[in-house]
Structure formats: structure tokens, C-alpha cells
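K.L.:
I'd like to ask you about the structure that follows.
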Amino acid sequence: MSIFVRNPYLFNCLRHTKFVVITTSGSPKNGTSLFQNVRFFSVGRRGTRGGTSTRSIPITKDRRSFKEILMQPTTGAPFAFGSSAVAGASLFGIGALCYYGFGLANTPGTLENAYAWPTYVRERIKSTYFYFGSGLAITAGSAIAAFRSPLVMNLVTKNSMMGILLTIGAMIGTSMVAQSIPYREGFGSKQLAWALHCGVVGAVIAPLCILGGPLMLRAALYTAGISGALSAIAYCAPNDKFLMMGGPLALGLGLVFAASMGSMFLPPTTALGASLYSISLYGGLLLFSAFLLYDTQRIVRRAETHPPYAMVPYDPVNASISIYMDVINIFVRIATILANGSGSKRR
């Protein structure tokens, strides 16, 4: 899937103006035929001899269609609203971290219950985060290698429908193959399919390397800070605090996906395009941050409840893919926001 870092403020917004026409005294002849969409406001003014003269100020009515309103130049309000929403969510997250971190909740948190975990539960969570960290490392290496390959970059930067479908299909296909293979300890077919999936994701996000090393490093550090803080909140909160968000998160995912698809075909300089792009960018950042809370507690729940001697063993690879994709989506959006901010400063 092609990655485009589009700045919504590249063009100056055009402003609609209303024209006011000043006429002479009296009412205009055949005014109805000349100004069919004009309202006249008469202002009386007393002259020196006691008479009155009248001036009519016609103001044109705004009869733009709904399509014209949506396609008019954006005022930047969607991006300001998105930035405010992210700032508010950040303050809420800091408050939640302090609330659960200091043990102010009545119910014990996951971190407090961890002291009573059996050894196999600890090993399951440890192996899950091992695959999570290894997947991020494979993705980073794949992105660097793909960025240095003109053939791969030509494929992933195509803005055609076929190129978009191929990249999306490659990511979804490799993910489904990796999750469908039964888990076995060691390096086998499942681990190979998982590594292939991480490599494909790295190739898809490789165009972000155009932004430069310093900006990518900042985005990685910000992503690490956000992911660490959200994971701390999930572990300090009660076990099922965020597990009830599955339904709203699914609805939000559908909304962000639809906005992302729509923003591919509409320029972000229009009112509709800017709104869709803001939902995809800022709304997606909030959505996948909430998904990270949900998936973190879901991993703990699975590790605690999966029978140790079940026919199907606990699968740390499948468990790690969910939080892996959450962090990748957070990173892409943070890098895009930083690129937009640096572009505005240069102008």
C-alpha cells in the first residue's frame, strides 16, 4: 500500500466574499429581473432640505450545493480538532496511569495479581513479548532493505488501485497464513511465515524512510514512550477493565478504515478530504492506542486461562501479532504527524 505524507496546509485557503452593491436613491427599476437572488436593505437618510434619499444594499444569497460545500478549501479546523483530541487523550492517559499506578482503584490490578501467577503463565507472556520485539526488529530491517531497493520501492509506491490491492492483500494474506499454522516450539513453518509477514509490513512502510533518519528516530522514540505508557496502564488496571471495549473498537476500526480509503481519492485541501484525512490520522492514533490497551489485557487473560495441557498449545506468535500491528499503526501515524509539523515550520 502506498504511503503518502500529505500536508494539508500546502495551499492557501481561498475565502468566499460577498459583494455589496451601492445604488442611487430610490428603488431600482425591474430590480426583480436584474437581481433575482438579491435582497435589498433600504437605509433612509435625511437631506439638508428635509427630504430623504434611499440607498439599497443588495447582498447575494449563498446558494452553494452540498457538493460545493464539501469540496471547498478547508479552513484547517479538522486538523485543529484532531490535535486537540490527541492532546486531551494524552492528559487522560497520564491521569489513568497515576490513578492505577498509585493503587487508587478498589480492585487489584494485573500487576498485583502477577505475584500469584504460575511459572507457565510467566513463560507465556515472556515468549509473547519476545516475538513482539523480534517482529519489530525484522520490520525495521526489512524497511531499510526495501528502501534501498528501487524495484521494491517502485512496487510499494504505486498509486494505482492494483498496487494498493496487492500490498494490502500481501499483508493480510501473510498474516492469515502465519496465524493458521499450528504452533510448535523452535523455529518451524509458523515462525517462517510470521517472519515473512513482518518483512512484508516493513516493505510496505519503507517509503516513510524518505522523511529522514532524525525524524524516524523521533517517531520511534515517541512510539516507544506511548506504547510503554499504555502497557503500564493496562498492567496496573484491573484485569477486565479494557476487555469490554471490543464492540466500540470494532466500530471505530470500520470508521477509520473507511476514512483511510476515502482519503486516498480526495485531496486533503478540501473540506471533505481534510475531514477524512484527520479521522484516518488522529482518529487512527487514538483508536490503535485503545486497541493496545485492549490487546494487552487480552494477552494476559489468554495466558492465565489457557489450559496448560490442552491439545492445542498456547500460541505466543498469534498473541504477539495483535499488539505488533497496534504499535506499527501508532508509529506510522506519529511519523506522519511529525512530518506535517516539520513541513509547516519550514514554510
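Numbers here mean position along the shown chain, with the first residue as 1.
The backbone N, Cα and C atoms fix where each Cβ goes, and this holds for glycine too.
Quick paste of what TrEMBL says about this protein:
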TRANSMEM  79-102  transmembrane segment
TRANSMEM  129-148  transmembrane segment
TRANSMEM  160-181  transmembrane segment
TRANSMEM  193-213  transmembrane segment
TRANSMEM  219-237  transmembrane segment
TRANSMEM  249-266  transmembrane segment
TRANSMEM  272-294  transmembrane segment
K.L.:
Who are the long-range neighbours of the transmembrane segment (160-181) in its own chain, taking Cβ under 8 Å and residues 6 or more past its ends?
P.N.:
1-2, 189-190, 193-194, 196-197, 200-201, 204, 264, 317-318, 321
K.L.:
Please figure out which one of 79-102, 193-213, 249-266 racks up the most CB pairs under 8 Å against the transmembrane segment (129-148).
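P.N.:
Most Cβ pairs under 8 Å with the transmembrane segment (129-148) come from 193-213.
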